[in-house]
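TrEMBL annotations:
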type: TRANSMEM; residues: A:20-39; note: transmembrane segment
type: DOMAIN; residues: A:20-498; note: domain 'Cytochrome oxidase subunit I profile'
type: TRANSMEM; residues: A:59-82; note: transmembrane segment
type: TRANSMEM; residues: A:140-160; note: transmembrane segment
type: TRANSMEM; residues: A:180-204; note: transmembrane segment
type: TRANSMEM; residues: A:224-247; note: transmembrane segment
type: TRANSMEM; residues: A:259-277; note: transmembrane segment
type: TRANSMEM; residues: A:289-313; note: transmembrane segment
type: TRANSMEM; residues: A:341-361; note: transmembrane segment
type: TRANSMEM; residues: A:381-401; note: transmembrane segment
type: TRANSMEM; residues: A:413-433; note: transmembrane segment
type: TRANSMEM; residues: A:469-489; note: transmembrane segment
type: TRANSMEM; residues: A:523-544; note: transmembrane segment
Amino acid sequence: MSNTYLDQFPAEAKVVRAAFYSSFFALAIGGLFGIVQTLHRTDVYRFMDSADYYTVLTAHGVLLAITFTIFFLVGVFTWAVTTSLDRGVENLRFTWAWYGLMVIGTAMAAIPIFAGFTDSIDMSASVLFTFYAPLQGHPLFYLGLVLFVVGTWLAGVDWFRSWRAWKAEHPDERIPLPTFMVLTTTIMWYIATLGVAAAILLFLLPWSLGLIESVNPLLTRTLFWFFGHPVVYFWLMPTYMMWYVMLPKFSGGKLFSDPLARVVFVLFLILSVPTGIHHQYLDPGIAEGFKFIAMTNTMFLLLPSLLTAFTVVASMEHGARQRGGTGYFGWLKALPWRDPVFTGMALAGLMFAAAGFSGMVNAGMNINYLVHNTFWVVGHFHLTVGTAVALTFMAVTYWFLPQITGKALWSRPVALVQVVLWFVGMTFMSNAMHRAGLLGVPRRTAEPQYEGVTFEAAVGSVGELNAQIALGGVILTISLVLFFANVIATGFNGRSDELPSNGYADALSGPEDAPLVLDNLKLWTAIAIVLVIFAYTFPLLSIVQRGGLFGPEVITFPVSLESLAPIAAALEYGGLATVDGVASAVTGALEPGRIAIAEVVR
Amino acid sequence: MSQSIDESTQTTEIGHDEYDPVGTLALIGLYFLILVALWIFVYFVEFLGNDPTVVTGSALLLAGVGHR
Amino acid sequence: MNVHTYEKLWLIAAMVLIVGFIATITYGSVGLGIAMVGDQQETVEPTELADDERFGEPRVEQIGDDEYEVYVVAQTFSFQPDPIEVPENSQVTFHVTARDVIHSFSLAGTNVNTMVIPGEVAEMTVEFDDPEVYGVVCNEYCGPDHHNMEGQVHVVPEDEFDLTEVSVDAPDEVDAGESATVDVTVENRMLDGLETTAELEIGGETSVEEVALEGGEATEVTFTVDPETLEADDSDVEWAVTVDDHEERGTVTVIDAGDEDGGDDGGETDE
């Protein structure tokens, strides 16, 4: 008889399953768009108009960076809270409600993005993942994002409710480590999302609805990065959680230090947000002093990651030595490299070590003249969110799938090949992206081939770099296909009675060694807020003082003409989408208008 | 399942006090050296060698005045 | 809380790394004088750039012996002026703003790179040593034609560089048998004086006038063209005015008295 998560919490397992499947759906579409872009950009194979590239890029960014990661992590967090507190959610309908809200929000944001592909619906949100004003997306896009974020807020409420209920019954116990990680991450997320909520609700949404005339582009951009940097920790902290509480177990050992894991998460809580300005080192209108403060905060944010590197590797080494490993490096051979779950996570960690370096460069203030908005940055985040996070999530899926379906994994060898292929593909792609960035090749462009601009490589050539990027992209796509084959085929397996039990790693140095103050969430929240106020008050005041709250008068640049109409009309248009005749007539009339706008702007 | 197979290959039980992560220290020491070397390369060769660079206009003006 | 000795060592090493990184960056700022784009410049109204003192006319301006200021406007999907021409061995301060959405102004393969935000002005001072052509790209997504947004900065040899502006006032039509006057305005926007010539080539004949200008001065040179010069097979007579490497071209149509269609007829017989 098995003792899987499904056996322990059958109702919650369904929620986790739904969240995972939503996440995989986003991964599939986002991944497909990934290969389309790779081939287009490198000019290996182009089948669409270059203007559509930006629609593909928007969908790729939103679906992978937001939808894939966050749906997966709400699943993991729900599993972590219920498993470590050993109690089900307080109200299952509430749990399904936040999941439902996230789905509706995603769908609402996706409609205008995908409508950008067709001229028969006059709706678009090809504003990329960063939606910088005065580029303006359809109101439905902003509204969808808001609902999605509100969904995650309610998910946080759910986890806090579970913890409070548990605390009432266990007043003198330490917060179990997985729950502690969930709670600190959630508080960080609440603080971080205030930025994007303010940007959308106060400025971008009213502006896209025509309620206000203009916005201050530097202000909305700064509010975006208030959220835009810590969002990466929202993906990364569940990854760290997997490395801390699962990887030691798969290595055959124990977590080296529970107290240090808590210290790391507290550091992330207090330092994640007051760093966003490091994305704006090259922005005019922000004083150098503010940029320097953001850099100092960012550099100290390296500390929790560097500590994690030690603790996680030491936990793996503990497993290796218990399995008979010896020597300074010889112990590495004793690790379970045939286990796709372990190997995937270990390779993801290795890639993150490399990403750590390019991140250190990104954090350096003046060196941003070299790398800012070049392909280097794209190489960096394909190592972080694209590998450290995505590969860990995929690898740990091979452990989670049996837990939430009650079915054995379809094929472990295929899973092993899949995680290794991802590592190899990303090595090619990301290394070439970093190198291209150093030559000044820009990111976010459909055709980095110019008439009057050449990129000179001291070693190799741009052609060679493009070939590596395309090759990497193809390998990554094959890896994704294998992943989905395994997930789908596992779904067709019958129920198994011989699955591993649900659980997570024990610690060598347990919570009893951790000072009580670490569990004082109110204290850390207060410190986090003070640091945010310290880092952001003066820059924001200065930006508002310079450019005004609603900015100078700007020329609105809607990516679709429809965006000025009220939402009701927009929804109606969505319904009309199927009536081709009417819609194409409308588009025929509007297409010249779109060109005219570009002319007027000139 | 293989998870249980993996666990069964455990040969010894190593407790907190008898475990020194010397392999981790070796690996992370190596990482430290790589980081330092790469940082020096990217900052001093790639970045500072990528002239022209944005400089403080006013400081140069002062220097220019000094020359005259 | 007991932390293993090795991990304490690593903690110290990590702090050394962090402090070392911050120290390197600080050395770049203070020791090497690398300045960040900041809030030095006053804001502008993006919709009123045409009337703006700084950006009404995107241009290169000389402010000192080897010092220049460049006012650049980025807009969908081009930079103005383009190309930007500056001399070698100069110190150039770029002022860049945007007319519409967020762009960037980035000289490929260099450390000259800034965001360009509507309402804000990015200021960057750069030293150019040797003659070179730099490609300029916009590296922030700005709309469906973003990938076609590019420009160039030409750093040219000192003797090929000037800030001379030439404008020509010539008649479109002239009656047969009448003489024509061509006024050439030459403006020297450099600080140093300019000695050169203005040359008019018309109907196969060339006349040359000396031009001598102090820095910042403008002058007008008048050429009077004889009626004989304007007698040609074709009633359209081409002219060209050359001042150094600036050239203006145009056509004068000679109209036969009493025959208003003369010009057209002439054109037809030519075919």
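Using the three backbone atoms N, Cα and C, a Cβ is placed for every residue, glycine included.
Please treat TrEMBL annotations as automatic predictions, because they have not gone through curation.
Taking every recorded stretch in A:259-277, A:289-313, A:381-401, A:469-489 and counting its Cβ pairs under 8 Å to the transmembrane segment (A:59-82), the highest total belongs to A:381-401. At the 8 Å Cβ cutoff, the transmembrane segment (A:381-401) and the transmembrane segment (A:523-544) share fewer than 3 close pairs (sequence separation 6 or more) and do not count as touching.
Here the transmembrane segment (A:259-277) has Cβ contacts under 8 Å with residues 177, 180-181, 184-185, 187-188, 191-192, 195, 222, 225-230, 233, 237, 240, 244, 286, 290-291, 293-294, 297-298, 300-301, 303-304, 307-308, 311, 507, 509, 511, 513-515, 518-519, 524-525, 527-528, 531-532, 534-536, 539 of the same chain, all six or more residues outside its ends. Counting same-chain residues at least six beyond the ends of the transmembrane segment (A:469-489), those with a Cβ under 8 angstroms from any Cβ of the stretch are 24, 27-28, 31, 34-35, 38-39, 41-42, 44, 394, 397-398, 401, 409-411, 414-415, 417-419, 421-422, 424-430, 432-433, 436. Counted over residue pairs separated by six or more positions, the transmembrane segment (A:224-247) shares at least 3 Cβ pairs under 8 angstroms with the transmembrane segment (A:341-361), which defines the two as touching. In this model, the domain 'Cytochrome oxidase subunit I profile' (A:20-498) carries an average pLDDT of 96.
The transmembrane segment (A:289-313) shares the most Cβ pairs under 8 Å with A:341-361, out of the stretches A:140-160, A:341-361, A:413-433, A:523-544.
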